[in-house]
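As written in TrEMBL, here are the features:
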type	residues	note
TRANSMEM	A:24-46	transmembrane segment
TRANSMEM	A:58-85	transmembrane segment
TRANSMEM	A:91-110	transmembrane segment
TRANSMEM	A:119-140	transmembrane segment
TRANSMEM	A:174-192	transmembrane segment
TRANSMEM	A:213-239	transmembrane segment
TRANSMEM	A:245-264	transmembrane segment
TRANSMEM	A:271-292	transmembrane segment
TRANSMEM	A:298-321	transmembrane segment
Amino acid sequence: MNALFAWGFVAALAALPLVFPDPYLLAVLTSAGIFIIGAISLNLLLGYTGQLSLGHVAFFGLGAYASALATLGFDIGIGFGWRVVLAPQPVWLGFLAAIVVAGGFGWLLGRLAFRVRGAYFVIITICFAQVLRMVALNWVELTQGPMALISIPPFSLWWPGQGVVPLYRKDQNYWLVLAVAVLAFLLVRQVVRSRIGRALVALRANEPLARSVGIRVTHYLVIAAVLSAGIAGAAGSLFAHYVRIVDPDVFLFIYTVTMVIMVVTGGKGTLWGPVVGGLVFGLMPDLLRGTAPPEAQWIIYGAAMILFVMFLPRGIVPALARRLP
Amino acid sequence: MTDVLLSVEGLGVQIGGLTAIADMSFTVPAGEVVSLIGPNGAGKTTAFNVITGYMRPTRGRILFEGRPIAGLAPERIAARGLVRSFQRTSVFAGCTVFENALMALHLRGRAGLLDALLPFLRARREEAALHAEAADLLDLTGLADRAGLPAEALAYGEQRRLGIAMAAAAHPRLLLLDEPAAGLNPSETADCIALIRGLKERGMTVLLVEHDMAMVMRLSDRIVVLNQGRIIASGPPAAIRQDPEVIRAYLGAAHAAA
C-alpha cells in the first residue's frame, strides 16, 4: 500500500471523533485498537519469524499489571521480614515499565524457548501465560488476586499550556491508542524492512541455509521476541489505564486466540495484515451485537473466521494485493 | 608448499551405532580446488556437515586458518569465512531471486536495531551498497534478468547456480560445495564449472563434493578419495585416475574404459 493512502487512512481515523462523536463507537474502536496493537506485535513473531507464540497475551497482561502496579504503588513482603515498597508513580513511567517488564520477559522466554522450535515452542508459550495467570490469581498481596487491581489512574499526557492532563474522555483515549498503534506499526515496518527483518524472513524460509550464510538464529529470534513482547506490553498498559481495572483474566487464552485470528485472517507476515484482520475481527462482535440475536453472534463470528481461512488462506491483505496492480 | 587453509585431523563421526567416518585426515591448501569423492555412503556429506558445524564430530580436530572450529555453530563458522552450499534445498523459497542474493549478503552488512530505527545514520548507505553487491552477484551468475522472480520459479540448473552464488556471496575464504552439478544437464554443468572457476580466480578456495567425474577431473588441483569412512587415496587428478584401489572401489571399469 502506498504511503499516501496509508497516511490518508490514518488522517481519516484521526478525524473520526470530530465527525462521529458517538461515545459507544469510540469505545469499540479504542478496544479494537488496543488489540490491533497486540496483533501488530504478534505478527512480528508469528508472521516474520514463523514462530507461533500461543502465550502472547502473557506480555499484554504483564504490561497491564506492570503499568497498573507502578502507578498504584505497592508494599509487599518478600520473606525474611524484608519488604519492597513502591510509591505511586506517574503514568508515563508505568507505560515505560510495562514495555521494559514485558520486553524483559520476552528476552527471557526467547533465550529459553528458542532452543526448541515448532510444537514445543507453542507449548512453552501457552504454559508461560498460564503460569502468569496463576501468579496473578494467587499472589494476592501484590495483585489483589481475583479482587482485581482497581482505581487505576487514567493515562495522562503533558500538554503545552495545560500541564499534565488526565485523559478521561473517550475521544482522548481513542487518539492515544491510535497514536501508539501508528508508532507500533512504524516500528515494526522499520525493523522488517531492515537487515534484521531480512534475517528473520531468511530464518523462516530456510533455517539451515540462513545459518550457512552466517545469520545467528537465537540472536535474531530474541530481538524479534523482545520487540514483540515490548509492543504487547505497551498495549497492555494502554488497556490498564483505559479500562482502569486489571484482573487475572487479562491472561486468558482467548485473548491470544483473538490476536492470532486477527493476524492470520489479515495476512501474517504482511505489515497491514494485523491492522485489516484486527479491524474485521475486532469490530465484528460489536457489529453483531447490534444486528444478530445473541445466540447467533458467536456462530456467525466462527463461521466468518472459517470462511476467511478457507477462501483466503494467506489472508485478506495478500489477496487484495494480488487483485490490485 | 602453500598455506594450509583447512586441516582435518583424525576426524571420526559415529551416528548412533554406525561409523559414518572412521578416521579422516586431509588438508585444503589456500587457493586450490580440492575434491572429495567416493561412492554413496562413503561419508562425504557427513564430512561437510561436521566441517560446517551442522553435526558434531565424535573425535578429531578441524582447524580453519589454524584455529579449531569443531563444535561451533554453523553461523559462527560462516562468520569466520567458511561457507557451504547444500545438495538440495538451496534457496529461500517465497523470496525473489534478488532478495535471496541480499539475504546471502548478510555477513557483508553490520546494521543492527538502532540502524533499523534510524536508517538515515548509516544503514541507508549500507543498504545501497548491499543492493549493488546483490546485483553484481546476479550478473556473475547470469541471473540478472531473473531478479524479480520467486526463487522457486527458477529452472533447476538456475537454482543450483543461485545456491552456489549465495554461498560465495559474502566472499568466504573457503567455499564448500555439496554436489553442485547433481541433476544438471551437460550445458548446465558447463555453466557450473565456469562459475566455480570464476570464484577460484577471485581468490576463493574450494572444497568440492561431486559425482560428476569429468567435472572433478577438470576442476580439481587435488582429489581426496573416500570409501566406507576412510581415505583410500589422495593426490592430483592424474595420479588418482591411475590408482588401482580407486578404480576398484569407485571409478570402476566403465571409467577405466572411457
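Cβ coordinates are placed from backbone N, Cα and C, and glycine is handled just like the others.
Annotations in TrEMBL come from automatic prediction, not curation.
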Would the transmembrane segment (A:91-110) and the transmembrane segment (A:24-46) count as touching if the test is at least 3 Cβ pairs under 8 Å, pairs 6 or more apart?
-> no
When you scan the chain for residues with a C-beta under 8 Å from the transmembrane segment (A:271-292), skipping those not six or more beyond its ends, what do you find?
-> 1, 28-29, 31-33, 35-36, 39-40, 42-43, 47, 181, 185, 188-189, 192, 258, 261-265, 300-301, 304-305, 308, 315-318
Contact between the transmembrane segment (A:174-192) and the transmembrane segment (A:24-46) (at least 3 Cβ pairs under 8 Å, separation 6+) | yes
Any contact between the transmembrane segment (A:24-46) and the transmembrane segment (A:298-321), i.e. 3 or more CB pairs below 8 Å with pairs at least 6 residues apart?
-> no
When only pairs 6 or more apart in sequence are counted, do the transmembrane segment (A:119-140) and the transmembrane segment (A:245-264) reach 3 or more Cβ pairs under 8 Å?
-> yes
Positions on the same chain near the transmembrane segment (A:245-264), where near means CB under 8 A and six or more residues out = 35-36, 38-39, 42-43, 46-47, 52-58, 60-61, 64-65, 68, 126, 129-130, 132-133, 136-137, 143, 145-150, 152, 236, 239, 273-274, 277-278, 280-282, 305, 309, 315
Beyond the flanks of the transmembrane segment (A:213-239) by 6 or more, those residues with Cβ under 8 Å of it = 34-35, 37-38, 40-42, 44-45, 48-49, 51, 53, 56-57, 59-67, 94-95, 98-103, 105-107, 109-111, 114-115, 155, 176-177, 180, 184, 187-188, 191, 196, 199-200, 202-203, 207, 246, 250
